[in-house]
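Visitor: From Swiss-Prot, for reference:
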BINDING   129, 190, 213  NAD(+) binding site
BINDING   236, 258, 261, 327, 360, 414, 419  substrate binding site
BINDING   258, 261, 360, 419  Zn(2+) binding site
ACT_SITE  326  active site, proton acceptor
ACT_SITE  327  active site, proton acceptor
């Protein structure tokens with residue numbers, strides 16, 4: 001069960017090291033397997049892709065069956081309920097509105113004889129990986145697909161491993177709702193490799209985004225450079241900062257919501273109230289009993305969960321900035337008062353009625369967030385991840401003439417005489 005630490009008596013940083021190091025991708029056996037899969041798909045294309053799909057997913061595919069057909073989409077709509085469609089439409093609206101606000105514009109500055117600026121262009125093609133098989137994550141479709149759509153990406157390709165009955169109808173409906181028409185029934189490292197290099201059936205893309213297991217994460221990391229990626233995401237995590245005003249029931253529920261992801265997920269409570277800490281611990285035990293994934297939750301909380309009692313909120317803020325959690329909840333009396341002191345977090349949820357799952361599904365902000373301390377230097381997925389910038393420069397003859405000697409001087413200081421000559425030939429005779 002989740003362990004309690006009293007930092008008012010003794011600080012134990014071991015728990016933080018354990019949590020931050022839990023997702024290091026250092027399994028050499030898996031890395032070698034991923035490397036072999038990538039090389040095989042690169043060389044043998046469809047043949048290797050379909051062999052791995054049968055080996056790992058038990059699905060026998062070919063060039064005719066790998067792509068989801070229109071009738072499969074229609075059938076998916078028949079399998080989902082009306083309340084799902086209504087909730088999905090609300091989520092799409094909110095997520096789209098949030099990401100529309102992120103759009104940047106091309107800009108140009110004009111001086112006498114000089115024009116410079118930056119031109120924005122959407123990526124031409126993007127591949128979205130959506131976990132599948134027995135799982136169903138329509139929210140991943142929305143969070144990865146909508147910012148790409150808002151950015152103006154022309155070709156969005158989605159891959160998701162199929163179960164015995166195909167890809168989840170919830171996933172197919174979500175993709176169709178946001179206009180993704182090119183969907184393939186593949187997953188794992190082999191799908192990532194297929195998107196990076198292209199095969200006879202799968203198009204090559206410029207960028208790959210979306211979550212997956214360790215094979216998917218390692219493949220994305222290995223292929224970065226051949227193709228752009230969003231990030232190498234680790235296990236999910238939440239840090240809750242709470243004071244005596246917080247509801248033990250709410251805090252416990254929020255910690256449990258992350259612990260159910262998998263046994264590597266991390267759920268931490270940092271509180272100024274020992275009484276709250278004890279109540280939350282009891283509430284966790286009570287709520288766990290009626291949750292479906294309680295075995296996973298128990299393992300997660302045992303290995304990577306913690307309830308930490310500290311002296312004051314300043315210490316709590318220091319812990320949050322050090323851990324740089326994926327999700328940070330501020331369940332305190334005046335959360336906006338300390339927001340300015342939070343430097344490192346993927347997403348911040350303020351107040352007792354802003355639970356993390358609200359951000360996972362419906363509110364609008366993206367749920368693709370940096371994990372494992374990388375919120376110190378990475379940001380959430382956004383429209384900007386699907387846009388590239390080109391610098392633009394124009395000088396008239398007169399404008400170049402006014403700075404030619406300076407350019408020549410700087411080039412010669414670096415002993416790049418051809419650079420200097422490129423300017424000289426425009427003004428000086430041989």
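Placed from the backbone N, Cα and C atoms, the Cβ positions cover glycine too.
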Visitor: Given a separation of at least six residues and a C-beta threshold under 8 Å, show me what packs close to residue 326 (active site, proton acceptor) in the same chain.
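Guide: When sequence neighbours closer than 6 are ignored, residue 326 (active site, proton acceptor) has 236, 237, 238, 345, 346, 347, 369, 370, 371, 375 within Cβ distance under 8 Å.
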Visitor: Does DSSP give residue 261 (substrate binding site) helix, strand or coil?
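Guide: SS state of residue 261 (substrate binding site) = coil.
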Visitor: Counting other CB atoms within 10 A of each CB, which of the binding-site residues 261, 327, 419 comes out lowest?
Guide: 419
Visitor: Identify, in sequence order, the residues in the chain of residue 258 (substrate binding site) that are 6 or more apart from it along the sequence and have a CB within less than 8 Å of its CB; answer 'none' if there are none.
Guide: 236, 237, 238, 265, 266, 267, 327, 356
Visitor: Compute the mean position of the Cβ atoms of 129, 190, 213, which form the recorded NAD(+) site, and then list in sequence order the other residues of that chain whose Cβ is within 8 Å of it.
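Guide: Here the nearby residues are 131, 159, 161, 187, 188, 189, 191, 192, 212, 215, 216, 219.
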Visitor: So what sits near residue 360 (substrate binding site) in its own chain, CB-to-CB under 8 Å and at least six residues off in sequence?
Guide: 139, 367
Visitor: Measuring Cα to Cα, tell me the gap between residue 261 (substrate binding site) and residue 213 (NAD(+) binding site) in whole angstrom.
Guide: 12
Visitor: Counting Cβ neighbours within 10 Å across all chains shown, tell me which of the binding-site residues 190, 213, 236 comes out on top.
Guide: 190
